[in-house]
């Protein structure tokens, strides 16, 4: 692997029975076993057999009403609990979960990811998100969600506090000298004494340092604020770009913003979501695609699109184009995703019904439909064409969509020298080539934690 | 097993390298591997080999400064993450973790335990606690901890909300009818619309119902408010009673209070903590005990006792009795534990140094030191003498303390017909003989959730 032909980074988006809104209706989908640990563990082990860098779990803090539980799999496992079971079921693959910064406590989140990272031997990653849905706010005692800018301001402080807590134990703080009776060196365990706008956290964390320094930071923001947040903080970015043209624009944009933040462009791995449909022939792949489209109820698709566009679309003619009534300034939710949908609608001149079906199947990720060779070619074209550093692999339906990719596409990438034949490292940072940077917080203006805290050596007093 | 000779309920307190403050210094303690998943999984699998009802994880929301990290293992894994790895490493044993009600959100906690309970096939349990330490408050933006009564008021509302969320999906809400495209029945998924003093939570949960109905509720309060809370809510109670006399008093007290709450006494299982030290002869067991005592640094013991009594004891003569300067009304922390310590000190006429050593080794749990036969006899005397329904087994040091109990004491209890030879049920409720009671919340005055929520069938509107 020469620098001119860099290897792919591959993440597997472990998404219930597949990413398609109607995936659960597919005869091969694991609809009956989706709630079992055995099924979830099998998926992660298959991704590990395919030498993926990591598995990734999404999340929402509500039973998405807009998805409509009548039509699709609306539930969400609590991602850290599911991820921890996957840590026990696997050995080498990285483990990423989404946790919101909008309604939790940094101390809880730092502990949970710190514990996962420690117990997994340094395989953890946190996808840092903000929560924008009104129905999420209602589960946490609020009347409505925070505005876009405040959400990101809170997210930045939340993330900084969590990272300070992860660093509150020096790597060699545990001495464990049986002879002297000295377990740890209190001079190497530091409170953080954070007093900020949103949080006041004393520390230190009660979880020691993990083998990879700290979990990898993942982000997926697509709005202008979201991209700036990602450029500043993220080490892996999940993108959602429907074609190479938009992927290139996003890639260049974020890497440039990262450089403006004083970061090396290689310190961020950009992974667009990609949904492969593999056939022995292109015709077979296209037939698979058609079959899947036939499972989608048009009503479910329109309801789903209504959610993303924050507008009830059920009264519009599905055979005509999307009405021109949308204004991104009014969107409270994912502005980047909103803009992508409007863009696809206009450029591809889709009817409302076709747009809804497209979004129900892909959100705004890209499809690659064809033989394994054709898909591998197209993946290389994206990587070599400045569109990505790898892909977040979504699937039409599970487990088949993952099995086929691992059995048919991954071996080709390995033969071509574009993907590892086996793991070469123990930690996720090792897989990704993203070493822990102890100085990364201080450099960006977060004050250093005090070196000592009296509480640690003083006896409690009355 | 006749009703006159009921079987034991056994819980294993999975506590790092053992319960003794100096456990980590023992040559057989797993001090070097305590941070690994392999070691933690091995402990749980050993407990499962011993057919224990459950493993149990304690917690604190701070790096306990009073324990002093220089002297002992002060860290705490985030318990739900650790517990989830144990779920994947085991098949039948119940899984209990401590989570505080003082600084979290009920929606997060309901999801985490709901997910654990679902993925483990109905083996989850929640030890409901309040956080009383000042240093815990400081990690969550507060200047000090809530007062005792407010902590328990918040705990009750927190618990009620979590249980309503667990019940927000009816057991048969998922239809998954591929032919019609109907995934779930929205009429069987209910918001909870809770508006209380401490929380406002809309619901429903985004996690379906678990196979055992809902996780088992565990509690360990020993103060008068704590005992009332347990009598009202708990299905398993961890007690801390140093001898059969105090165990009988606690047992009678709590069962009577449960009856006053309208509950059957059999609906609560009371498990005192017990630390076995097993020898081939009594002399060998006593020698093991002496060896362990020799590992404890007196300074560490005094610091530790200072924490429980909320008073700096380092200036007092360790060879004289505990000074008579304590007032339970001034204690902000665990009042029940405080009272037990003062009681032991007075009844057994211990010097300050001896009391500190005793508390460092046992807290206020009981020791049983002798041959396997002697320990089994004593356990039976407690069960048949009205002192308990079983035990929460603590260990001096791990993994040896658990291995010995499983290999030497459990087989005797099985031969005597006092403990299961193998698991007879799939769920923790099955092991414990505590069926899910759908009516238990309503009966105690918590309002029923509305039967329907418009959000679930309406499309999002602009």
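Glycine is treated like the rest: Cβ placed from N, Cα and C.
Within the same chain, the residues at least 6 positions away from residue B:98 (FMN binding site) whose Cβ sits under 8 Å from its Cβ are B:56, B:57, B:58, B:59, B:79, B:127, B:129, listed in sequence order. What TrEMBL records for B:59, B:98, B:148, B:152, B:223 is FMN binding site.
According to TrEMBL, the feature domain 'Luciferase-like' maps to B:24-386.
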Would you mind checking how many other C-beta atoms are within 10 angstroms of the C-beta on residue B:223 (FMN binding site)?
19
Rounded mean pLDDT for the residues that make up the domain 'Luciferase-like' (B:24-386):
93
Mapped DSSP class for residue B:98 (FMN binding site), helix or strand or coil:
strand
Just how spread out is the FMN site if you go by the largest Cα to Cα distance in Å among B:59, B:98, B:148, B:152, B:223?
19
Tertiary neighbours of residue B:148 (FMN binding site) (same chain, Cβ under 8 Å, six or more apart):
B:132, B:223, B:225, B:332, B:335
Give me the long-range Cβ neighbours of residue B:152 (FMN binding site): same chain, 6+ apart, Cβ under 8 Å, in sequence order.
B:130, B:221, B:225, B:226, B:229
